[in-house]
Amino acid sequence: MSELLSVEDLNAYYGESQILFDVSIDVGDNDVVGIFGRNGMGKTTLLDSIVNRIDRKTGRVVYDGEDISEWETHDIIREKIAYVPEDREIYPALTVRENLELAAPRTIDRSTREERLDYVFEKFERLGERESQRGGTLSGGEQQMLAIGRALVTDPDLLLLDEPTEGLAPTIIDDVIEILEELVTEDRAVLIVEQNITRMLPLIDRGYMIETGRIVADGDADYLDDEELQDEYLTV
Amino acid sequence: MMYHLPLLTSSEFATYLLNGISQGMIIFLVASGLTLIFGLIGLINFAHGALVALGGYGTLLIADATGSFWLGLFGAIALVALLGLVLERSVLHRVYERPLLGFLGTFGMYVVIEELISFQFGDQARQIASPLPGYVSFMGATYPKHRLLIIAIGFAVALGIGALLSYTRLGMEIHATATESETAEILGVDSARVYTLTFVIGAALAALAGGLTGPVTSVSPGMGMSYMILAFLVIIVGGMGSFKGSFLVSLIVGQITAFGWLFLQPTYVRLGVFVAAMVFILYKPRGFFGKPEVFE
């Protein structure tokens, strides 16, 4: 399998604080990869580093054969990488439709854009029902659907998901997992950051454990489904 | 000094009303560019006053050379927009994260540009010939055609910018970048390009205001600053960054100024407008349509 994304010897900093230390990960075409670790271990920083949303980093991020380490965030996103951030970052004053239209690439024509919006509204019927509602009036679960929908209108080759179940009620988590189950079977690579490893293991091909900014274990879903390993790196 | 309360005839009322609207539109044209730039970038752009003056002088010079007011106006708008592009790309984009530096930097630009104009053309006010000389009859009054032109263009600009912000992709990108530029970036929006475009549009609006008002009030090196004071009042009372707030308050200030002259000398009217604005802001610090994050 060829690598779609390679992160090589990544060190990342916020101000003077170093958050990641020599992190290397790979994501192949159509690969579903998980990054697991406790809060504050550097999972979000890893995704932020891939799309260049951090103060400073060293190392390389190679995507589809190109070194994108120094690219601007919007240029990286335009290479069909979509990012669903942990706190969703919905525009509260824009409607559901406007949030989606904003994410649709400038380069696609109107009919393609409408097709992609229809695809999102079919996948998330609740969003379709609330098309004209402002983003800020949606529930937490609906906002998460909108954040994922916003990523899907770009028709990404690589989808970055940061804690998609964080802060949601258990019944809503079931809905989101159901959506993720569909997404991972589609023709794209997915990199998921999560604390909830139990719910994610059935979805992923491979995964990495991260501890204080360092990759400490990696392997397939069977290898990571180990109580001792999870106790060491995930239990609070 | 108080005047007697006069009884107005319908023609006098129409004249005062139109004076108020045209005065409001002049203030709005200056304030609209400032509002766009403040609303998106958070930059209090003192250089805007100098761009107004450059718009006035550019229109004057090109109109004198070509014999066409419209060539002068559009030429000045294009040149000032180009200057706005150069200023934004070379200097201003570096100070967006540092409001005090931005404030001082744009004030410095204002002083330099005003002094250069003064050095080159002198301090004496100069008149631009109107493309629409003469008067029209309206409700028994005769009214200068050029002032009606200002009213028409003011409304057209309000509708145009309103439509741009509400119904276009660029409008959505401006909203997204103004609300949270980092989020806009992860949606593929080039926020630096949005900042630049908005600044250029603001500069063009400043030049339009300067060129269009030249035939009414004449042009002078300090013309921009005299408008800027009222424009700042308008954007504060309208709500910092609110385009519709600027439009509404410009019209209100225009009417107060026009009808106020019936009762008080112009200096006292202006003073009254500022006192009323201060009292209003004490009770409603965000202004009419201001965003909460500006003051909280």
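Any Cβ shown, glycine's included, is placed from N, Cα and C.
TrEMBL: automatically predicted annotations, no manual curation.
Annotated features, as they stand in TrEMBL:
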- B:20-41: transmembrane segment (TRANSMEM)
- B:46-63: transmembrane segment (TRANSMEM)
- B:69-87: transmembrane segment (TRANSMEM)
- B:99-121: transmembrane segment (TRANSMEM)
- B:148-167: transmembrane segment (TRANSMEM)
- B:194-213: transmembrane segment (TRANSMEM)
- B:268-283: transmembrane segment (TRANSMEM)
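Nonlocal intrachain contacts for the transmembrane segment (B:69-87), taken as residues 6+ away from its ends with a CB within less than 8 angstroms of a stretch CB, comprise 47, 51, 54-63, 109, 128-131, 196, 199-204, 206-208, 210-212, 215. By number of Cβ pairs under 8 Å, the transmembrane segment (B:20-41) is matched best by B:194-213 from the list B:148-167, B:194-213, B:268-283. Beyond its flanks by at least six residues, the transmembrane segment (B:194-213) meets 26, 29-30, 32-34, 36-37, 40-41, 45, 48, 51-59, 72-73, 76-77, 79-81, 83-85, 87-89, 92-93, 96, 128, 149-150, 153, 157, 161, 170, 173-174, 177, 184, 219, 223-224, 227 of its own chain at Cβ-Cβ distances under 8 Å.
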